[in-house]
Amino acid sequence: MKPSWLQCRKVTGAGGLGGSLPASSPARGAGPARRAYVAPGPRGALGGRGCRALSSGGGEYKTHFAASVTDPERFWGKAAEQISWYKPWTKTLENRHSPSTSWFVEGMLNICYNAIDRHIENGKGDKIAIIYDSPVTNTKATITYKEVLEQVSKLAGVLVKHGVKKGDTVVIYMPMIPQAMYAMLACARIGAIHSLIFGGFASKELSTRIDHAKPKLVITASFGIEPGRKVEYVPLVEEALRIGQHKPDKVLIYNRPHTDMVPLAPGYYLDWDEELSKAQSHDCVPVLSEHPLYILYTSGTTGLPKGVVRPTGGYAVMLNWSMSSIYGLKPGEVWWAASDLGWVVGHSYICYGPLLHGNTTVLYEGKPVGTPDAGAYFRVLAEHGVAALFTAPTAIRAIRQQDPGAALGKQYSLTRFKTLFVAGERCDVETLEWSKKVFRVPVLDHWWQTETGSPITASCIGLGNSKTPPPGQAGKSVPGYNVMILDDNMQKLKARCLGNIVVKLPLPPGAFSGLWKNQEAFKHLYFEKFPGYYDTMDAGYMDEEGYVYVMSRVDDVINVAGHRISAGALEESILSLGIVADCAVVGKEDSLKGHIPLALCVLKKDINTTEEHVLEEIVKHVRQTIGPVAAFRKAVFVKQLPKTRSGKIPRSTLSALVNGKPYKVSPTIEDPGIFEHIEAMLKQAS
């Protein structure tokens, strides 16, 4: 049904700082489309006062989840009232291009306006938007919403001056600096589609993505900093353009302060500071709800690059809703997602989510250890009054490995710290319990994917979910994500039976709308195996209470003599023994059983016994916790495991290595040399 509309009504729910769009502006840009429209919602719906409850919680998780499944149009229509729109949508949900779902059809908005301008118009311009903390350069800065707008609107003007228009693509190749966020927001401001590529990717990988995205312009910086080394970005960009097919019109370079200027060839290469000094501010350009905000390339693909496309309107609605409903934050509180802008967590929860919701976001250019030590996280939490932290379990393990008693953290008072969220990989129980003990706050695991852009399962503490869920789970289905566990024949499995984790369609707002220039792969990869469902390609189970336990990728399930054993369950069993700091389990080919599990283990520093004795203890413990069916009896001890920069273990690469097959090292691996060490240890053990 077509909703009735109220023109320019301010909404005061958990979007908090939200309101109408500007009536006029001296800047260039949006032209006559200046007015905001928001839906009042029918009497008695979850909108208005009820919408506030929807965003602020009150133990209503079950009600909200049921409403999101039975009447998604009504549920998300009310959540969308927290966002300011130039033009109302005519239909909340449409499945015209199945399996992709269109949300807020024909509605027009601008996500940069919602993230920055509207807060300033509501008197919050002097509030801190970004805290930049860079131990690698010994730099700290606080940046207000007003200051962000000044930089972003001028940068938008620079882009337009050099021919970038709505619908054009822009590649951003930058380190963890505020200018990377300004670039994202400036693209969004004018309706350009950004593709932010992890700073430090090799030229070949960068070239592949540039050729696929075909950007009008590339934005980069003079250099980035990785552990122990400075990475010069401009030569990497130059080489990528030399070996690639596509040539962008211009390359805009930000020269980082206190360093030598990068010499620029006049005409083609543009200097950031010089361009901004003469730039005119540019206003927000309205875009349709389905307009792509960004392309984010994911790893692990062959053939055409897998570029996840994120539609603007649904993403804005979901992120704003999630900051309060999932993460339990109030506008104005300090939030820190300890990730990289190049990953989906960085897009959603360093940049867009916290700013949409009116929070202060911490942008951290450092590591959990080594910048300068394992007390770094505690310092940032204390110094900036962080209310909630989002990090990967691998970061916690790194801290624990270097400082088992968290002695370096004891000097800091974490008075404002309320909740620690972990995601990115399965969090073993021992890491979870250690985190609770040293941070003294609830530690909540949750699960999501690049494709979804926000959590699929979580403890929605803003909706009254428990802050002490059972260990090992990754939360319950987030409203909008109707999660089910199916076998390969599409039969629903009983509680605690390992199977395929799928989501019944439609996917909620914020999920991807396709793969850039590859819709055939979009349909084939995610929707063909289980028609009517989104295939997460993860394996796990659900308990009787509805908690979801994500065990591993489907292809990480090891088939031992016909028994399906989760690599994640074996890893958790090994880690729970307390003598192994980190481990990865892969299937080793076996002539009798098909596959047998092999564990690559990193011992804790303080273990004073032989590897033979440790292996005996591990084998005994796995038999007790998993059972003899796992046929576990082999481990190889290594000094460290390879990890991607987002903290994931490249299991498929390790599996190939263990089985003596050719393998390719992903450009996202932190220390590629570790594979040679593991290869040597495997030869020594065989």
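Glycine is no exception: its Cβ is also placed from the backbone N, Cα and C atoms.
Keep in mind that what you see is a predicted model, and the values were worked out from it rather than measured.
The following features are taken from Swiss-Prot:
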TRANSIT   1-29  transit peptide
BINDING   Glu226, Pro227, Gly228, Arg229, Arg623  CoA binding site
BINDING   Gly424, Glu425, Arg426, Asp445, His446, Trp447, Trp448, Gln449, Thr450, Asp538, Arg553, Arg564  ATP binding site
MOD_RES   Lys517  N6-succinyllysine
MOD_RES   Lys523  N6-acetyllysine
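Shown here: features listed in Swiss-Prot, placed on the structure.
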residue : record           : Cβ contacts under 8 Å, 6 or more apart
Glu226  : CoA binding site : Gly200
Gly228  : CoA binding site : none
Arg229  : CoA binding site : none
Gly424  : ATP binding site : Ser339, Val345, Ala392, Pro393, Thr394, Ser646, Gly647, Lys648
His446  : ATP binding site : Ile326, Phe421, Val422, Ala423, Pro455, Thr457, Ala458, Ser459, Ala474, Gly475
Trp448  : ATP binding site : Val344, Ala423, Ser454, Pro455, Ile456, Thr457, Ala458
Thr450  : ATP binding site : Leu296, Thr298, Val308, Trp343, Val344, Phe512
Arg553  : ATP binding site : Met537, Asp538, Ala539, Arg651
Arg623  : CoA binding site : Ala630, Phe632
Reduce the DSSP letter at Arg426 (ATP binding site) to three states and note it down.
coil
Measure from the CA atom of the residue listed as 'N6-acetyllysine' to the CA atom of Lys517 (N6-succinyllysine) and give the result in Å, rounded to a whole number.
12
In whole Å, how far does the CA atom of Pro227 (CoA binding site) lie from that of Lys523 (N6-acetyllysine)?
40
Tertiary neighbours of the residue listed as 'N6-acetyllysine' (same chain, Cβ under 8 Å, six or more apart):
Pro99
Given the CoA binding site residues Glu226, Pro227, Gly228, Arg229, Arg623 in the record, what is the largest Cα to Cα distance, rounded to whole Å?
44
Find, for the listed recorded positions Arg426, Lys517, the residue with the lowest Cβ contact count at a 10 Å cut-off, counting only other Cβ atoms.
Lys517
Counting across all protein chains present, how many other Cβ atoms fall within 10 Å of the Cβ of Pro227 (CoA binding site)?
12
